[in-house]
Every structure is written in structure tokens, then in C-alpha cells.
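Quick look at what TrEMBL annotates:
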type	residues	note
BINDING	K18, S177, D178, T219, G220, G221, M222, V223, T224, K225	ATP binding site
BINDING	S58, D145, N157	substrate binding site
DOMAIN	282-361	domain 'PUA'
Amino acid sequence: MHADTRAPVAAARRIVVKVGSSSLTTPDGHIDTDRVTRLSEVLAARRLAGTELLLVSSGAIAAGIGPLGLASRPRDLATQQAAASVGQGLLVARYTAAFARHGLTVGQVLLTVEDMIRRVQHRNAQRTLLRLLAVGAVPIVNENDTVATHEIRFGDNDRLAALVAHLVRADALLLLSDVAALYDGDPRRPGALPITDVRDPADLDGVELGRPGARGVGTGGMVTKVEAARIATGAGVPTLLTSAANAGAALAGEAVGTYFHPQDRRPSTRQLWLAHATTGRGRVWLDDGAVDAVVRRGASLLPAGVVRAEGEFHAGDPVDLCDARGVPVARGLVNYDAAELPELMGRSTRWLARELGPEYEREIVHRDDMVILAAS
Ligand SMILES: Nc1ncnc2c1ncn2[C@@H]1O[C@H](COP(=O)(O)OP(=O)(O)O)[C@@H](O)[C@H]1O
Ligand SMILES: N[C@@H](CCC(=O)OP(=O)(O)O)C(=O)O
């Protein structure tokens with residue numbers, strides 16, 4: 001292993017730590033008090049040493065299973081929401097007590113995808129998290145499971161943690177699970193070898209990214225963890241994946257886990273959210289000239305370049321912008337309802353302003369509200 005490559009984790013002044021359900025709860029669906037206490041101790045020590053710390057904690061649904069007398073992790077959304085409602089309160093109460101022992105205050109922050117992609121809510125979330133840090137509290141973040149629906153759900157906290165790391169411009173992301181590292185195959189099978197460093201997506205060629213752990217309380221398995229690492233490192237945030245038991249060693253920069261090296265670029269936070277935290281509510285088809293303008297020249301999408309729209313979207317919703325073959329080339333927040341578009345398509349903004357009024361002079365999607373998905 002290359003201990004020196006972990007130095008950015010040890011040196012981070014602001015760090016996001018994500019911990020999975022399997023590391024926080026018992027097999028019968030209760031909070032594992034000992035493990036939460038141990039983890040909180042390690043994190044509190046780092047906070048007291050001066051590092052700003054945000055904890056993205058899963059476990060709400062898993063911690064609601066026991067108290068509600070359920071046999072296993074519920075599969076239907078309504079029962080998951082009920083379990084999360086019970087478990088989230090218990091979890092945060094436990095963290096509050098554990099951090100208080102070290103004189104630290106925690107603040108609960110529940111986020112939805114919906115909150116994140118809209119400009120105002122996005123800034124609001126960012127401001128809240130940064131203010132919590134400024135007043136010395138430890139934000140404890142989770143998805144707002146009780147109101148999230150299937151359509152507007154992250155579903156996994158791995159990607160949420162990566163996006164939070166970017167949102168607050170963290171220096172490092174630590175993903176804590178119940179395995180010591182990413183292995184080249186399912187670690188439950190003999191012979192699987194740990195991967196110490198990932199510098200390039202090609203380093204993962206041939207790696208088998210398996211399902212969640214045997215207890216079935218986790219959601220994404222390694223697929224969402226690797227995706228989270230890709231999001232974070234693509235935004236310049238180094239990412240270390242290891243077990244919760246290794247948290248102390250990982251924070252000290254020791255040679256544990258799998259280290260994903262950062263790429264040297266930082267896209268805008270909202271663009272990252274758009275690309276990774278949303279799916280299009282509809283599709284807008286562009287002519288070749290508009291594809292070229294949007295993809296290669298970084299222009300806004302004007303009504304003149306739109307040939308067709310599909311789906312029931314409203315102004316402010318994310319939509320996929322597709323080329324003539326229907327391949328999504330960009331995603332953006334649309335400025336019109338789907339029902340308004342047929343009248344506008346193919347028209348120049350000048351004509352629209354003259355015929356329909358000055359409010360129709362705006363773009364279909366502004367370039368600042370858009371992210372390019374693929375070169376067409
Ligand atoms: N290639 C792999 N390397 C490491 N773990 C893997 C791999 N494939 C599958 N897994 C499984 O992924 C599990 C962790 O994912 P998950 O249960 O979703 O965790 P968490 O609750 O911490 O988010 C591990 O328990 C492990 O069994
Ligand atoms: N928001 C959900 C967590 C979903 C999730 O990502 O779980 P995990 O794979 O254990 O990190 C909860 O608190 O139960």
C-alpha cells in the first residue's frame with residue numbers, strides 16, 4: 001500500500017464522512033449503540049483537533065425496523081418512510097448524546113433531490129451547512145426519506161455524500177462501510193484481493209462491483225460507492241473507502257482502504273447536481289445546429305433550435321436535451337412548461353417577444369442551468 005497517498009485525508013481541514021446502515025445497526029433492526037459511540041468518539045476527536053466535519057449518516061430505515069417490530073428491511077416505499085421516520089429520530093438522538101460527551105453539538109440536515117437541483121433551495125442548503133460549520137456544530141445529513149418518492153430519490157447516501165462534499169468544497173470524502181476496502185471481486189468469495197489505489201477509471205476494469213452486504217440493510221453495495229468516488233474525485237475531492245472500524249486509522253492517513261485519487265477540476269456545484277442527482281422529467285429534441293451550439297459552443301438553448309418535446313414537465317424541472325437520434329447530450333432546467341413549447345418551437349426569440357410579449361424572449365434552457373452529458 002502507499003501510505004503517502006493518503007496524506008490529503010490526514011491534512012483535510014474540511015471533511016465529509018459517510019457511514020452506511022450496516023455499520024450502525026444490529027441484525028434485529030436497532031441502533032448498535034456501541035458502534036455509534038465508537039465512531040462518534042473518533043469523529044469528535046478529529047473535530048476537536050480543528051477539522052470541520054460533516055457526517056452523512058444512513059441507518060434511518062434500518063434503525064426503525066426493530067422498534068416497529070418488522071421482520072426485515074421493508075420493500076415498499078410507505079413502510080420505508082414510516083421506518084425512516086422512527087429510525088431517524090432515534091439515530092440523531094444517539095449522535096446528539098455521543099457528541100455531547102465531547103462537548104460538541106450536532107445539527108440534523110435532511111435533504112431531498114428536489115431541494116438540491118433548484119437554484120434557491122440549493123443555495124439555501126449550502127448556506128445552512130456552512131453556517132452550521134461556522135458556529136462549530138457537526139451537521140448530520142441524511143436524505144429526507146419520509147417525503148422522498150421513488151421518482152425523486154437519491155436512494156443511496158453514497159452519491160448524496162459525494163455531492164455534499166462538493167457542495168461544501170470539502171478537502172476529502174471518507175466512505176465508511178462494513179468492508180475494509182474495495183475488492184477485485186465480491187469479498188465474500190475466497191481469493192478476492194483489495195484494491196489500494198484508483199487513479200483512473202481503467203483501474204477498475206474487470207472489477208466485479210457486487211450487491212449490498214448479506215444483511216440486506218445497505219442499499220447500493222459497491223456500485224454506488226464507486227459512483228460516489230467518481231463524482232467526488234471528478235470534482236477534485238480525494239475519496240477513501242474503508243470500514244467504519246478503520247475510521248480512526250483512515251483519518252490519520254494510514255494505509256487502509258481504497259484511495260481514489262482526485263482529478264484536477266471542479267465543475268460548478270449545481271452542474272454536478274444536475275448531472276448526477278437528477279433524471280430528466282421530459283425530453284426536448286434539438287436540431288443539429290442547436291446541438292452544436294449547446295454542446296460545442298456552450299450556448300443557451302433557444303426556441304429556434306427545438307423540434308419536439310416529450311413528457312409532462314413544468315418550468316424549473318430538469319429535462320434531457322436530445323440530438324436527432326434521441327441521444328441525451330445535455331440536461332438542464334427548463335424555463336417553460338411542456339404545454340407551452342409547441343407554440344414556441346422553431347421561432348426566433350425576437351418573433352416570440354413581438355408576437356407573445358417580452359416574457360417570451362427567454363431561452364428554453366439557460367447555459368448556467370445546463371450540464372453537457374456527452375459529446376454528440
Ligand atoms: N467488489 C467488492 N468489494 C467490496 N465489497 C463488495 C464488493 N462487491 C460487493 N460488496 C459488498 O458490498 C457491501 C457494502 O455495501 P452496502 O451493504 O450497501 O454498505 P453500506 O450499508 O455501508 O452502504 C459489503 O458488505 C460487501 O459484501
Ligand atoms: N436514507 C437511507 C439510507 C439509504 C442508504 O444509502 O443506505 P446505505 O447503503 O446503508 O448507506 C436511510 O437512512 O435509511
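One-based numbering along the chain as shown.
Note: Cβ is positioned from N, Cα and C throughout, glycine not excepted.
A quick note: this is a predicted structure, and the numbers were derived from the prediction, not measured.
Listed binding-site residues near N157 (substrate binding site): K18, T224 (candidates K18, D178, M222, T224; Cα-Cα distance within 10 Å).
Among the binding-site residues K18, D145, N157, D178, M222, T224, residues whose Cβ is positioned under 6 Å from ligand 1 are identified as D178, M222.
Among the binding-site residues K18, N157, T224, the residues whose Cβ lies under 6 Å from any atom of ligand 2 are, in sequence order, N157. Within the model, the domain 'PUA' (282-361) shows a mean pLDDT value of 92, rounded to a whole number. When the record's substrate-binding residues S58, D145, N157 are compared pairwise by CA position, the greatest distance found is 11 Å. Cα separation, T224 (ATP binding site) to S58 (substrate binding site), rounded: 14 Å. For M222 (ATP binding site) paired with D145 (substrate binding site), the C-alpha to C-alpha distance reads 21 Å.
Residue counts for the domain 'PUA' (282-361) under DSSP (helix as H, G, I; strand as E, B; rest coil) come to 31 helix, 22 strand, 27 coil. When Cβ neighbours within 10 Å are tallied across all protein chains shown, the highest count among the binding-site residues D145, D178 belongs to D145. DSSP classifies D145 (substrate binding site) as coil under the three-state reduction.
Residue pair D178 (ATP binding site) / S58 (substrate binding site) shows a Cα separation of 13 Å. Of all the binding-site residues listed (S58, N157, T224), T224 has the fewest other CB atoms within 10 A of its CB. Taking only the Cα positions, the spacing between D145 (substrate binding site) and K18 (ATP binding site) is 16 angstrom. In the three-state DSSP assignment, the secondary structure recorded for K18 (ATP binding site) is strand.
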